[in-house]
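Working notes for the structure below.
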Amino acid sequence: MAGRSNIVVSATVRDALAAGAPVVALESTLIAHGLPRPRNRDVAVELEELARARGVTPATIAVIDGVPRVGLDEPDLRRIADDANVIKLSVRDLPVACATGWTGATTVASTALLAARVGIRLFATGGLGGVHRGAGDSFDESADLVTLAAMPITVVSAGVKSILDIGATLERLETLGITVVGYRTSTFPGFYLPHTTYDLDWRVGDAGQVAATMAAADLLGLTSAIVVANPLPTDQALDPALHDRVLADALAWATERGIRGKAVTPFLLETFHRETGGASLEVNINAVRNNVAVASDIALAWAAKDRSPTDPAAPDPTAPDPAAPDPTAPDPAAPDSAAPDLAGPDPSAPDPAAVARAHRP
């Protein structure tokens, strides 16, 4: 049969998962398409080392020659970083790429899908895709949203880029049943900026609270993602005045040039990079670094919870078996002296035979 599609998990990642050790998934689109060469390769290695330094196994995900791989070795990571022919693969592209033997970098959506398929519960990325500006006319919405609605994975991100429609994105996340929590923040971050004008319903204070939320979601049988919105520290974010000026100019230029639909977002990103003198690129890298650190902490908390005998998500061995009968309860098969036996004769009723004899002539 032509094509290959079985997911191959590296030995390191496979052993970590089997042992219940912490694992964090990493996307490869940032490496292949989000950063300039050769810095992209250095950042890819740095992010993996950042996870390892915290005691977590990194699992960078990509498709190599038609085979989805969870955990890349050094040659594969170098290939994703250096080869200009590496394509960008979202969920819809995976079956074709696998069938035809292509090599591609995975987006947030396809990374989340492949990670969840092999049992990875944590995923760190820079920012989520979302609803694009003007989506009311173009229907341009990232596949990240609908994919996360069906994947039981926790994604740590710095929100969504301010070039997107943040309000509409939050509405879609709510509609799709995706839990969103702010990590030590009550406002949704805007990727380049630590805060936006959009308030969040839920705030968590540490990695343990996120792990507890994951356990509660499992108990409820939920199969959608949890999005952990982790804002950049103020000193690592883009200058707010510069951000607002560049965004206003970029939107105006897009309108003047008749740029619409799917062409808007790449134009805005390119404009941000040019007009900020590359500062937006540094923000992007800082965001991913911070998110890998937080995702690693959550993965550690999740692994500890999974192994703990007091894990609220695990059954209590000292609790009574709900399937076993209660020894203090009355035997439902025994007659109840306080209730009439509907199947037996009523002793207070007259004997029909005696009544018949009394009326015999």
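Here the Cβ of each residue, glycine as well, is placed from N, Cα and C on the backbone.
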* Out of Val67, Val108, Val118, which does Swiss-Prot tie to the same substrate site as Lys88, Ser142, Ala143, Asp144? -> Val108
* Look at each of the recorded positions, Lys88, Lys161, and point out the one with the fewest other Cβ atoms around it within 10 Å. => Lys88
* Show, in sequence order, which residues other than Lys88, Val108, Ser142, Ala143, Asp144 on the same chain lie with their Cβ within 8 Å of the centre of the Cβ atoms of the substrate site. => Ser90, Val91, Thr107, Ala109, Ser110, Gly129, Thr147
* Using a Cβ-Cβ cut-off under 8 angstroms and a sequence gap of six or more, which residues of the chain neighbour Ala143 (substrate binding site)? -> Ser90, Val91, Arg92, Thr107, Ala109, Gly129
* Structure fact -> Asp140 (Mn(2+) binding site) and Lys88 (substrate binding site), compared by Cα position, are separated in whole Å by 17
* What three-state class does DSSP give Ala143 (substrate binding site)? -> helix
* DSSP-derived class (H/G/I helix, E/B strand, else coil) of Glu27 (active site, proton donor) -> coil
* **In the chain carrying Val108 (substrate binding site), residues 6 or more apart in sequence that have Cβ under 8 angstroms from it** => Glu27, Thr29, Phe123, Thr125, Leu128, Gly129, Ser142, Asp144, Thr147, Val155, Ser157
